[in-house]
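*Asks:* Below you'll find the structure I mean.
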Amino acid sequence: MQIFVKTLTGKTITLEVEPSDSIENVKAKIQDKEGIPPDQQRLIFAGKQLEDGRTLSDYNIQKESTLHLVLRLRGGY
């Protein structure tokens, strides 16, 4: 199924995923497309931050859902 990931810059990334895919797996796909390390990615859906060990179906994420990607940058505060 396809889902969309919207970044803070307004860019939308399209990913091909399965409902059984873990959040980690989705972050790895984002890394493949965008080069962003998974440890810097925070994915938000329906106002909730998604945890690595859970799956898309755990969060009731269905085809053509849009996730929001927030980057957690290291240091600098």
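Note that the numbers count up from 1, one per residue, in the order the chain is shown.
Cβ from N, Cα, C; glycine included.
According to Swiss-Prot, the protein has these features:
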DOMAIN    1-76  domain 'Ubiquitin-like'
CROSSLNK  K6  ubiquitin cross-link
CROSSLNK  K11  ubiquitin cross-link
CROSSLNK  K27  ubiquitin cross-link
CROSSLNK  K29  ubiquitin cross-link
CROSSLNK  K33  ubiquitin cross-link
CROSSLNK  K48  ubiquitin cross-link
CROSSLNK  K63  ubiquitin cross-link
*Asks:* Kindly state the mean pLDDT of the domain 'Ubiquitin-like' (1-76) in the predicted structure.
*Replies:* 95
*Asks:* What is the nearest of the recorded sites K6, K48, K63 to K33 (ubiquitin cross-link), using the Cα of each?
*Replies:* K6
*Asks:* Is any of the recorded sites K6, K11, K48, K63 within 10 Å of K29 (ubiquitin cross-link) (Cα-Cα), and if so, which, in sequence order?
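*Replies:* For K29 (ubiquitin cross-link), the recorded sites whose Cα atoms are within 10 Å come to none.
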*Asks:* What Cα-Cα separation, expressed in whole Å, is found between K63 (ubiquitin cross-link) and K48 (ubiquitin cross-link)?
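*Replies:* Cα to Cα, K63 (ubiquitin cross-link) and K48 (ubiquitin cross-link) are separated by 18 Å.
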*Asks:* Taking the Cβ of K29 (ubiquitin cross-link) as the centre, count every other Cβ atom within 10 Å, in any protein chain shown.
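*Replies:* K29 (ubiquitin cross-link): 18 neighbouring Cβ atoms within 10 Å.
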*Asks:* Rounded to a whole number, how many Å is the Cα of K27 (ubiquitin cross-link) away from the Cα of K11 (ubiquitin cross-link)?
*Replies:* 16
*Asks:* Rounded to a whole number, how many Å is the Cα of K11 (ubiquitin cross-link) away from the Cα of K48 (ubiquitin cross-link)?
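*Replies:* About 20 Å separate the Cα atoms of these two residues.
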